[in-house]
Amino acid sequence: MTTPSKFRDIEIRAPRGTTLTAKSWLTEAPLRMLMNNLDPEVAENPRELVVYGGIGRAARNWECYDRIVETLKQLNDDETLLVQSGKPVGVFKTHANAPRVLIANSNLVPHWATWEHFNELDAKGLAMYGQMTAGSWIYIGSQGIVQGTYETFVEAGRQHYDGNLKGRWVLTAGLGGMGGAQPLAATLAGACSLNIECQQSRIDFRLRSRYVDEQAKDLDDALARIQRYTAEGKAISIALLGNAAEILPELVRRGVRPDMVTDQTSAHDPLNGYLPAGWSWEEYRDRAQTDPAAVVKAAKQSMAVHVRAMLAFQQQGVPTFDYGNNIRQMAKEEGVANAFDFPGFVPAYIRPLFCRGIGPFRWAALSGDPQDIYKTDAKVKQLIPDDAHLHRWLDMARERISFQGLPARICWVGLGLRAKLGLAFNEMVRTGELSAPIVIGRDHLDSGSVASPNRETEAMQDGSDAVSDWPLLNALLNTASGATWVSLHHGGGVGMGFSQHSGMVIVCDGSDEAAERIARVLTNDPGTGVMRHADAGYQVAIDCAKEQGLNLPMITAQR
């Protein structure tokens, strides 16, 4: 028996156009989106099936990938494929309105939900880390997080700088699949940014895709550029090759004062995602194989240094926040008792949006034709005519965001508007205005689909941060509503033991049956976010539930 392989020297790209390689668009769509996740324009390390986020994979190994592709090509529209941690394990007869694929990734019984146990299973070929959209086949490159990061920076600017980030600069680190959105998001928000990254290949990737503008030669050069650009009121992003655990303390020592500090290194995974200070990347990867415990310890010690520097900036009055990579938790475990003194980005800036079911709604053109996305952009503006902020986002996205793989768009909208847009897109497919079907999905980072006490559900006002019934209910409801594929994951964003979350994708193929499914899914999915926050007592969510006519028996029911 051959050993399953996680490496293959191959380039994968999703088919384009209207010729089907599967039996229908309901199975062609997950096939193309799986392949798109591994497109070299999209994935961080596609030859090892890694899409983003440390070791977030699209399939468990290449043999599993091959079998998933073969199965999707043969799957009928009354069958459902079950995928267990990146491995196709069964096909069962269901019905036409059931999901075509159901996915469960990285889920462990809570007592065993640790990186140590997961890594043992991974080494034996028994598990796969799916991150959020890697193993659920709806990653669209760094664009997928750009708007969320942009909204965060804009809201921070409103709270701390009277809504004007001109002449200001953001200090951060990490230019991977998620962190790579930061420089462009800061630029779009009107600020300069200094973005520290320890791998030159990642800087090169972001320079090619125009997510970062320039690379500095060294720290002195970077600071000189920041000083010049902020004085000129320009919003320019600068990458700097280096280690944040070395550079941030040096900035504190020099008395440098940024206007905002955050971080998006892959601190959630100390074995694979955070380079210890003083180490080369090659040493880090080699020692991860030979002495993983020592590597984890060294990485977490460096995170403690990194967080202490962030705390020092906060103590100077600099707005400082965690951007959801669990670095505060790692530092706390290394003795930084006050690591949580600076907040996470969700309670600080994003939760009011979640209360209204607003989150990272995204869609991709299965045709591969950018014009299909531009036509949907215009349709969004037509259907939401009075939202100047949203229109500005769409204009900036078209001008500045390079498509990676299949053309796609991210657009934060909430309950009511998601269904309205989805039905309009389906009608555009029906009439031929769009050249092929559209898929609509979202990040698992959404209002009703995640339990993550150090990120999305941090500091819930009723103390329900760790209650994970909500993403389970979300996945169950999306399955019952007829999403095309539904996923339920553990550990995304913040690592093993710290989150559970669910995702959905639905196909707009122009049919009447699709319209019925779209209306259900794109109402019920954000509806669970409003429900979750209303249940926690947020008045904004309670008001939204009443306005939208949600039936919440303990809250909105008439007595």
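One is the number of the first residue shown, and numbering goes on along the chain from there.
The backbone N, Cα and C atoms fix where each Cβ goes, and this holds for glycine too.
Feature list (source: Swiss-Prot):
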ACT_SITE  CYS411  active site
BINDING   53-54, GLN131, 177-179, GLU197, ARG202, 243-244, 264-268, 274-275, TYR323, GLY493  NAD(+) binding site
*Round to the nearest Å and give the CA-to-CA distance linking the residue listed as 'active site' with GLY493 (NAD(+) binding site).*
20
*Packing count at GLY53 (NAD(+) binding site) (other Cβ atoms within 10 Å of its Cβ)*: 29
*For ALA244 (NAD(+) binding site), what is the tally of other C-beta atoms lying within 10 angstroms of its C-beta?*
30
*CB within-chain contacts under 8 A for GLY493 (NAD(+) binding site), separation at least 6*: GLY53, GLN131, MET132, HIS268, GLY324, ASN325, ASN326, HIS444, LEU445, SER452, ARG455, SER499, HIS501
